[in-house]
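Enquirer: According to Swiss-Prot, the record shows the following:
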{"type": "COILED", "residues": "72-100", "note": "coiled coil"}
{"type": "REGION", "residues": "188-212", "note": "region 'Disordered'"}
{"type": "TOPO_DOM", "residues": "1-4", "note": "topological domain 'Lumenal'"}
{"type": "TOPO_DOM", "residues": "25-110", "note": "topological domain 'Cytoplasmic'"}
{"type": "TOPO_DOM", "residues": "132-155", "note": "topological domain 'Lumenal'"}
{"type": "TOPO_DOM", "residues": "173-212", "note": "topological domain 'Cytoplasmic'"}
{"type": "TRANSMEM", "residues": "5-24", "note": "transmembrane segment"}
{"type": "TRANSMEM", "residues": "111-131", "note": "transmembrane segment"}
{"type": "TRANSMEM", "residues": "156-172", "note": "transmembrane segment"}
Amino acid sequence: MPSLLVVVFVIELVVQLVNTIGATTINNLIWRAYLSIPTSLAKQFTEQRQKQKEYLAVRLELNATSSQDEFAKWAKLRRQHDKLLDELEKKKSAVEASRTKFDRYITAVRFISTRGVQWLLPMWYGKLPMFWLPYGWFPYYVEWFVSFPRAPLGSVSIVTWQAACTAILTLVMNAVVGILAFISASRQSGKQKQKQPVPAAGARNGETKKEL
C-alpha cells in the first residue's frame with residue numbers, strides 16, 4: 001500500500017495539473033480518445049462527419065448551379081440539400097446531447113477522484129501524524145500549528161501536509177508556465193526578425209552615392 005504522504009502529494013499534483021491545463025481541455029482530450037474506441041457513440045460521430053461532408057458537397061454544387069438556367073437540376077439539388085440539412089441537424093443534436101452527458105460524467109468522476117478525496121482524507125486521517133518533527137527543535141506554537149487540527153502535538157497533520165504540497169506545486173507550476181511562455185515568446189520574436197526584409201547592398205550603395 002502506498003504511503004499516505006505519497007497519496008496526498010499525488011492528489012495535489014493531479015489537482016494542480018487540472019487547474020493548469022484546464023478542465024475543458026482535459027474533457028476534449030478524453031472525448032477524442034473515447035471517440036477513437038469502436039463504440040456506438042464513435043459510430044454516431046463518424047456518421048455525422050460523413051453526413052456533413054455530403055451536405056457541404058451538395059451545398060457547393062447548389063451554389064454553383066443557376067436557378068434560372070438549370071432550374072430542374074437546381075430544384076433537385078435544393079431538395080437534396082434540405083433533406084441532408086435536416087438529417088445533419090438531427091445527428092448533430094444527438095451527438096451534442098451525448099457530449100453533454102459525457103462531460104457531466106467526466107466532471108463528476110474528476111471531482112470525486114480529486115476534490116472529493118482531497119476533502120475526505122483529512123476527515124478520515126485527521127488524527128494520524130504524517131511524520132514527526134525533531135524533538136525540541138521548534139517552539140510550542142510551531143508544533144501546535146503544524147499539528148492542527150487533530151494530529152498529535154509535535155507531528156505534521158495531513159491538513160498541513162496538503163497545504164505544503166499545494167504551495168510548493170503552485171510555485172513549481174507557475175515557474176514552469178512562465179519558462180514555457182518565455183521560450184515561446186523568444187521563438188516568436190526570432191521568427192519575426194527573420195521575416196523582416198534586409199536592404200540589398202546595391203540599394204545601400206545607391207543611397208550613399210545620392211548623398212555624395
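In case you wondered, yes, glycine gets a Cβ from its N, Cα and C as well.
It should be emphasised that the depicted structure is a prediction, and the values quoted were computed from it without experimental measurement.
Give me the structural setting of these features: burial, nearby parts and distances.
Expert: Note on the coiled coil (72-100): residues 31, 41, 44-45, 47-48, 51-52, 54-55, 58-59, 61-62, 65-66 of its chain, located 6 or more positions outside it, place their CB under 8 angstroms from a CB of the stretch.
Residues 126 of the same chain, all 6+ positions outside the topological domain 'Lumenal' (132-155), place their C-beta atoms under 8 angstroms from a C-beta of that stretch.
Computed over the topological domain 'Cytoplasmic' (173-212), the whole-number mean pLDDT of the model equals 70.
For the transmembrane segment (5-24), the list of distant contacts is 107, 110, 113-115, 117-118, 121, 130-131, 158, 161-162, 165-166, 169-170, 173, 177: same-chain residues at least six beyond its ends, Cβ to Cβ under 8 Å.
Residues of the same chain lying 6 or more positions beyond the ends of the transmembrane segment (111-131) and with a Cβ under 8 Å from any Cβ of it are 4-5, 7-8, 11-12, 14-15, 18, 147, 149-152, 155-162.
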Enquirer: Would you kindly list the residues that approach the transmembrane segment (156-172) from elsewhere in its chain, counting only those six or more residues past its ends and only Cβ-Cβ distances under 8 Å?
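Expert: For the transmembrane segment (156-172), the far contacts come to 4-5, 8-9, 12-13, 15-16, 118, 121-122, 125-126, 128-133, 145-150.
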Enquirer: Counting by DSSP secondary structure, give me helix, strand and coil numbers for the topological domain 'Lumenal' (132-155).
Expert: 7 helix, 2 strand, 15 coil
